[in-house]
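Here is the structure we will look at, set down as structure tokens.
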């Protein structure tokens, strides 16, 4: 029951912020005491389930451009075969407990900066371009996304989407839909590579997926009662608190790190629930 709830809560974040749940699930599993390789494997399995749901949704909305999606996927799958030996090398040398959290701290710090401090770019200009068909560009995008996905146990969409927009001129919605197809192949390959080497209890992943699919629907609905700039701000704060929790993990203060992250998430969920109830009452009174 605990893991259904965990999957549900992470699914809410995924649906609300429009990002994969791996970036928060892997740190939580690390704080709970799971070995990095096990946490990454579980997170990749979770992402397979949630990606399926996203692909079907964007397929209905015709947001998928298949050729680049498959090209990015092929390159990304190839990258998983480089990332897995890298992670296993870290594990065998005893560096994984140190370096995996460090990788997360760097990545989360970067995205927190992007969300909270960097000035808004002129994103509208990107919409006038047609997607590029350059094979090399898609190959590089897929390789970067695939390597980071398998190294950190995340979907990879967080890096594939902005690269498709910035370097190939994709409309943001097309970039998200196209990325999800690529991510599905990438995380499936990454998961299988880890699972063959170190089998895990699949029931745990499936329980998380069930909760995640339910939570994603709730999170998506919550976006209707928040402005885009508010969502961006909250995402930046979430990245910041997750980064802080990983810093405490580095010094083996797991409980403090978990307490910091759990405290922020509790406040966030209460805020979302309170606003939803208020808007519902407001709508009822207006009618």
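Going from the start of the chain as shown, residues are counted 1 onward.
A Cβ is built for glycine as well, from the same backbone N, Cα and C atoms used for every other residue.
Listed in TrEMBL for this protein:
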type: TRANSMEM; residues: 6-30; note: transmembrane segment
type: TRANSMEM; residues: 37-59; note: transmembrane segment
type: TRANSMEM; residues: 65-86; note: transmembrane segment
type: TRANSMEM; residues: 98-116; note: transmembrane segment
type: TRANSMEM; residues: 136-164; note: transmembrane segment
type: TRANSMEM; residues: 176-196; note: transmembrane segment
type: TRANSMEM; residues: 202-220; note: transmembrane segment
type: TRANSMEM; residues: 257-278; note: transmembrane segment
### Query
What else in the chain is close to the transmembrane segment (202-220), if you only count residues 6 or more beyond its ends and a Cβ gap under 8 Å?
3-17, 21, 25, 42, 45-46, 48-50, 53
### Query
Other than its close neighbours in sequence, what residues sit by the transmembrane segment (257-278), given a CB gap under 8 Å and a spacing of at least six beyond its ends?
9, 12-13, 16, 27-28, 31-32, 222, 225-226, 234, 237-238, 241-242, 244-249
#### Entry: Same-chain residue ranges lying at least 6 outside the transmembrane segment (176-196) that approach it to Cβ under 8 Å
18, 20, 37, 40-41, 44-45, 47-48, 51-52, 54-55, 58-59, 61, 63-66, 68-70, 72-74, 76-77, 79-81, 83-84, 142, 145-146, 149-150, 155-157, 160-161, 164, 170
### Query
Residues of the same chain, at least six outside the transmembrane segment (37-59), with any C-beta under 8 angstroms of its C-beta?
7, 10-11, 14, 20-22, 25-26, 29-30, 87-88, 91, 96, 100, 149-155, 176-177, 180-181, 183-184, 187-188, 190-191, 194-195, 198, 200, 202, 204-206, 208-209, 212-213, 216
